[in-house]
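Colleague: Sharing the features that TrEMBL gives for it:
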COILED    1591-1618  coiled coil
COMPBIAS  1652-1665  compositional bias 'Pro residues'
DOMAIN    345-368  domain 'Clathrin heavy chain linker core motif'
REGION    1646-1665  region 'Disordered'
REPEAT    552-698  repeat 'CHCR'
REPEAT    821-960  repeat 'CHCR'
REPEAT    967-1112  repeat 'CHCR'
REPEAT    1116-1257  repeat 'CHCR'
REPEAT    1262-1408  repeat 'CHCR'
REPEAT    1411-1554  repeat 'CHCR'
Amino acid sequence: MAAANAPITMKEVLTLPSVGINQQFITFTNVTMESDKYICVRETAPQNSVVIIDMSMPMQPLRRPITADSALMNPDSRILALKAQVPGTTQDHLQIFNIEAKAKLKSHQMPEQVAFWKWITLKMLGLVTQNSVYHWSIEGCDSEPVKMFDRTANLANNQIINYKCSPNEKWLVLIGIAPGPPERAQLVKGNMQLFSVDQQRSQALEAHAASFAQFKVPGNENPSILISFASKSFNAGQITSKLHVIELGAQPGKPSFTKKQADLFFPPDFADDFPVAMQVSHKFSLIYVITKLGLLFVYDLETASAIYRNRISPDPIFLTSEASSVGGFYAINRRGQVLLATVNEATIIPFISGQLNNLELAVNLAKRGNLRGAEELVVERFKELFAQTKYKEAAELAAESPQGILRTPDTVAKFQSVPVQAGQTPPLLQYFGTLLTKGKLNSYESLELSRLVVNQNKKNLLENWLAEDKLECSEELGDLVKTVDNDLALKIYIKARATPKVVAAFAERKEFDKILIYSKQVGYTPDYMFLLQTILRTDPQGAVNFALMMSQMEGGCPVDFNTITDLFLQRNLIREATAFLLDVLKPNLPEHAFLQTKVLEINLVTFPNVADAILANGMFSHYDRPRVAQLCEKAGLFIQSLKHYSELPDIKRVIVNTHAIEPQALVEFFGTLSSDWAMECMKDLLLVNLRGNLQIIVQACKEYCEQLGVDACIKLFEQFKSYEGLYFFLGSYLSMSEDPEIHFKYIEAAAKTAKLPDARPLINVCDRFGFVPDLTHYLYTNNMLRYIEGYVQKVNPGNAPLVVGQLLDDECPEDFIKGLILSVRSLLPVEPLVDECEKRNRLRLLTQFLEHLVSEGSQDVHVHNALGKIIIDSNNNPEHFLTTNPYYDSRVVGKYCEKRDPTLAVVAYRRGQCDEELVNVTNKNSLFKLQARYVVERMDGDLWDKVLMEENEYRRQLIDQVVSTALPESQSPEQVSAAVKAFMTADLPHELIELLEKIVLQNSAFSGNFNLQNLLILTAIKADPSRVMDYINRLDNFDGPAVGEVAVEAQLYEEAFAIFKKFNLNVQAVDVLLDNVKSIERAVEFAFRVEEDSVWSQVAKAQLREGLVSDAIESFIRAEDATHFLEVIRATEDANVYDDLVRYLLMVRQKVKEPKVDSELIYAYAKIDRLGEIEEFILMPNVANLPNVGDRLYDEALYEAAKIIYAFISNWGKLAVTLVKLQQFQGAVDAARKANSAKTWKEVCFACVDAEEFRLAQICGLNVIIQVDDLEEVSEFYQNRGCFNELISLMESGLGLERAHMGIFTELGVLYARYRYEKLMEHIKLFSTRLNIPKLIRACDEQQHWQELTYLYIQYDEFDNAATTVMNHSPEAWEHMQFKDIVAKVANVELYYKAVHFYLQEHPDLINDLLNVLALRLDHTRVVDIMRKAGQLRLIKPYMVAVQSNNVSAVNEALNEIYVEEEDYDRLRESIDLHDSFDQIGLAQKIEKHELVEMRRVAAYIYKKAGRWKQSIALSKKDNMYKDCMETASQSGEHDLAEQLLVYFIEQGKKECFATCLFVCYDLIRPDVALELAWINNMLDFAFPYLLQFIREYSGKVDELIKDKLEAQKEVKAKEQEDKDVMSQQNMYAQLLPLALPAPPMPGMGGGGGYGPPPPMGGGMPPMPPYGMPPMGGY
């Protein structure tokens, strides 16, 4: 069967190797698939991991490094269950993880091993152990597995392959397999345990696969639980294969499912095959049985009828899973293919009804699955039921009709047309009732049913049906319901998405906000203008709200704001328009300038206060300001108009209206003007009304004096001679100004404003603003002394010094001044008073005042400074005052003394330690002795630095006084130390030497001072080295080591040597000779003189550094110094004086036990070839590192000595290598055998190969090649030296080793490929399972052994490469049977067509054989195109004949062309009949002019099939094929054609043909036409048979009608009594609507009341018809 027409479609969804899964892990134990969502693969190499494949994105697998024995993904969510055995036990540890949350949900350790587990529900795991079955829920953190039942005996020693539970979790089934009986061991036995949770009982059955299902049995509203299971058993030599379907837990009193069973037919080639899985399609109620070898059986669940069988996989299938969404299943085979089987919805019903001829099953399946293909059957069945008046059954069929083919208006009309029988439910109501029980009504059905209900005002039924979603809502339904219920109609409109109606309904309900919300949800754009106008008529405020909601819609307001505003204004709704605009214009955007102007304009005209509020809030900034300003002025909003005018004339015109402007607002407005404009406006105001506007002007000047300028304001007031205004203005400004002119203006204005009777205001002003001298002068000159005394004593005593100074300037009497001073005494500030008197040289005036303060205990520095100055000026023993008074300021008094007496200044400065002032005054007056004494006594480093700095021109004079006077006079060590330190800091070495010689060398108190002697020598070293040796000889109390080091640093080596020698520091002395003087001879001489070990040691090290190794060793021996043996060893190695080294090391061994010493001693013996001493030494106790020594000897080619060491320490590996170096190969092999190390074997092997000792090399090589890592290196070594035969011999010997591995077999194969290709194929065939095939493939490819390469590709399942190799190298690699096997297994489709090209070019005689093998995989159209282009279409005729059953257009056309060319009209007609996929008209046109008449008949036949009746008949007429003409006309079903043909026969005189045509086209020819033609053309005799037949047929029809009518009347009478019995019974729908429809009319009532006929009267009278009416006639 062609795959396109098969009822089941198979497709490859995925291959596991394509997503990185290794073939070895595609097994039942490694792969799990719990649902159609995830595949889980457990890998153990190259590392343990779990791969999760999401089927929605299979090419993006999730790989996690997890070690587990099993892994299961949850069927629905990303939850992973893991199982692993606890090491050392038989227990399993179970864990459940949430992958998305990266959290562990729960874990449990099972006390026994879990043999099988599976997700049985979304929340439940089934765990199967060796003895029991458990359920473990993932809900609850602490829940543990719950035991459900124990395994039955029939499952003992079985491999569990599946475990399932029923949908209601009341039934469980466990399935296992076991080896078959001995007589048929290859047939696997299946066992099943069925367990009832409610009954807690088990039943053991034989079955290989099982599955649960739910099925709704007619008459039972609850679904039944079914189990289907498949078994294949061997009994009494017979194999029985069965499928069983039974119900579990039948419901008492309810219809139950009848047990079904069917045979499973296995082809002979699959005799030992058995079911491994079963899946039930709940969507289509189909059973899928899948066998191990890839067979698929499909059965109907309800009847167990076989539907389909086919092989879906050439490889064994080990895992399946339900694909619930498509009603199919997934299957995974051993190759890793993930196959999806689905129902071919387009072909399954035609397949069942056609090929299986099971019409009932086809109809039932079509109804269950809502499938196409059974339309005609269903319609015919419906007509039969309707004709039989089985309206209920017809209603049920229509309700369940596939794809609703009967749910049409015609069906409703049929039921409506049925007359209602008395006492019966109307068929239309039966139909609607059935539809309601089955599901939802369509739009037409909903409308018709609702019309019935609305007519009876039963809207509650509509509400119930709508709530239950039983009706399909439509606009028409809403219109109908709207007549009774607007709310319900609105719900219907919404469900029906009748958007205009919904909007209209919301508008009627005044729910305008819902209009916008709904329109946005459904994407509808209503007529907003119409809606707004509608709302405006009834609800202006609602219109505002609606307009605002529109303005807030996404994408902007659908109606222009201006248009909306105009709508409001047209109805004079000013307030509403304003409210709308204020809200929408809140963003204050530039594009809204017009609207801003508009809202202000309409309010300024109508409601000025509203406009004023809007402007005051500052909401808008983009409106037409000049226009608004004019309107404000007209409306009397002068302040707003001022703010908006921008021209000075306009402002000046408006601003004079001060009577209508709030003064404060006007003042604030002045702040917005420029200073010039403000002044202009102020002038206008003063001109218009000076007195009335003065206060405003004064206030504005006060507020904005800084902007306007104080001078301008003053000029303004002066211009208008408004001194009162000036007085008030300046009065507020005085507190912020220090300008005397301002104060003067104020005083002047005040004077002109009012007379001053009292001076106190003037005193206060002058005091406040600092005019005290002027005030004093004014008061003194005006003889107002009383005010002066009052001011000083009461107002501000702090300004008394200014008053005194001014009085002195005014030559006031001293007595008045003294009295004034004494009157305030302690309140008087002394410093300014002294300054005022001192400036005027009148200090003596204060003597009495100051002495009075001192007597009162004043410690004020200014008092004592002033008193000191007076004493100095009076020369009244000033030295005593300067030295004894502790309160004066030395700097102030000293400064005062400098010009009067410098020595007094020095005294004052010394007392206050005023260093800078003292130095300056002494330098200026050449008082260097005083300065030197002060500096020495001061001991201040900063002072010393200052006086000794190079820039000081008086430094020399100071130093002379310090050296000659100040320091010799000093007895303080601290002073001397500070002075010396200062000289050092100042870098004055010569002066320092001069100073120190005076102190140290000349007898003084500091001559023996240790530090000064050190300092003297060190300074000399630095400044005058020629004096150092003299100082060393003359001085004894100095630090010899430190000074010696300094001398060395100063390169005074002889002086340093003298110092060290003087202090017996011999080591330091010899170091100077060695390191600085560089005289080893003097050092050796010095060492002989002192004979100290440390000295000899230093000499030895120096000799060693100079390369005098022998002398150094001699010196080390003298010093008995063993500490530097490492340096000696290195130097000896460089100098190669190992004899001396032996002596030295023997000395060292007596002092230290160091491995290095003993090791170097052995090495030294080896270097001087004293092998005997080596053997003696290593036998004695030693601490030598013999392995390192041996390696070192080996590295330096001292092989004999190395051999002694390696033999002593049993290092056979190194000994073997050493013997190789000594060419002692046999000994090397023996040593390597003892070492038994791959590295050693390899080294000895390579050495033997180089020495051509191949026998010994093979012995070694056999021990190397068993190591996989070393094999390739050995092979390369042999090959690089051309030892090919020896290498092959070695590898061949290695094949027999117990530890021979794949690498040896592979490498030998590679060698055969390179050097002995004649043995290659035999080797490959013998050891194909032990070869690394990819590596050998590369070798064969390189060496071009194509036959062997092909064989290897086949063995490695790389059929694509095998096929490519054969085709590319066919002379060597091609063999027909082998190539057919290869090409049938390739995965790359393109290789099929490459193979076709290959056979076409090289083996055209075998191409059909190849094509037949590939027939199921090839695109036949492409093959035909290939052969057509090659011009060899005839060559593949057998192939095209074989595949023509697929009805491929290209194949059909190609074969038809060949048949035309061969003139084989029989085969051509057969092809046309069986296969219609080709260009029919093109073929007909091509052959309609063929020379053979049969070909032309075929053309006419094609025209007939294509429905081109006229062309077909015309072509047949041309060839006188009248029979064909008549048949064509008959099949056309067209009256005109048939009658035209009659006319043609009459014209041609073909009377026999005329008669024949009447019978052939009997159904098409109208009798009157036939008789008329026969009568006119005198051919009645030929028409008479037709006429007889016609009369007979019609008379028979009339008889049949009469018979049917009589039978119908009998049936009606027979059923009258039955109708009366069922009259009282009402169906479900009639109970819902007891009064929904009028009672059926009684005979003779014409639709009147619902009363029945009266009972018959007694007395034998015949019954009267109701109301005396005669009974109505029948039919």
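Please read every residue number as a count from 1 along the shown chain.
Every residue, even glycine, has its Cβ placed from backbone N, Cα and C.
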Colleague: Just to confirm my parser: what is the rounded mean pLDDT across the repeat 'CHCR' (1262-1408)?
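Modeller: That stretch averages a pLDDT of 85.
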Colleague: Other than its close neighbours in sequence, what residues sit by the domain 'Clathrin heavy chain linker core motif' (345-368), given a CB gap under 8 Å and a spacing of at least six beyond its ends?
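Modeller: For the domain 'Clathrin heavy chain linker core motif' (345-368), the list is 4-8, 284-285, 300, 302-303, 305, 307-308, 374, 377-378, 381, 400-402.
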Colleague: Taking DSSP states H, G and I as helix and E and B as strand, how many residues of the repeat 'CHCR' (552-698) are helix, strand and coil?
Modeller: 107 helix, 0 strand, 40 coil
Colleague: Give me the DSSP three-state residue breakdown of the repeat 'CHCR' (1411-1554), ordered helix, strand, coil.
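Modeller: Secondary-structure breakdown of the repeat 'CHCR' (1411-1554): 112 helix, 0 strand, 32 coil.
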Colleague: Let's see if you can do this one: DSSP helix, strand and coil counts over the repeat 'CHCR' (1116-1257), in that order.
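Modeller: Helix (H, G, I), strand (E, B), coil: 110 helix, 0 strand, 32 coil.
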Colleague: Counting by DSSP secondary structure, give me helix, strand and coil numbers for the repeat 'CHCR' (1262-1408).
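Modeller: Residue counts in helix, strand and coil order: 117 helix, 0 strand, 30 coil.
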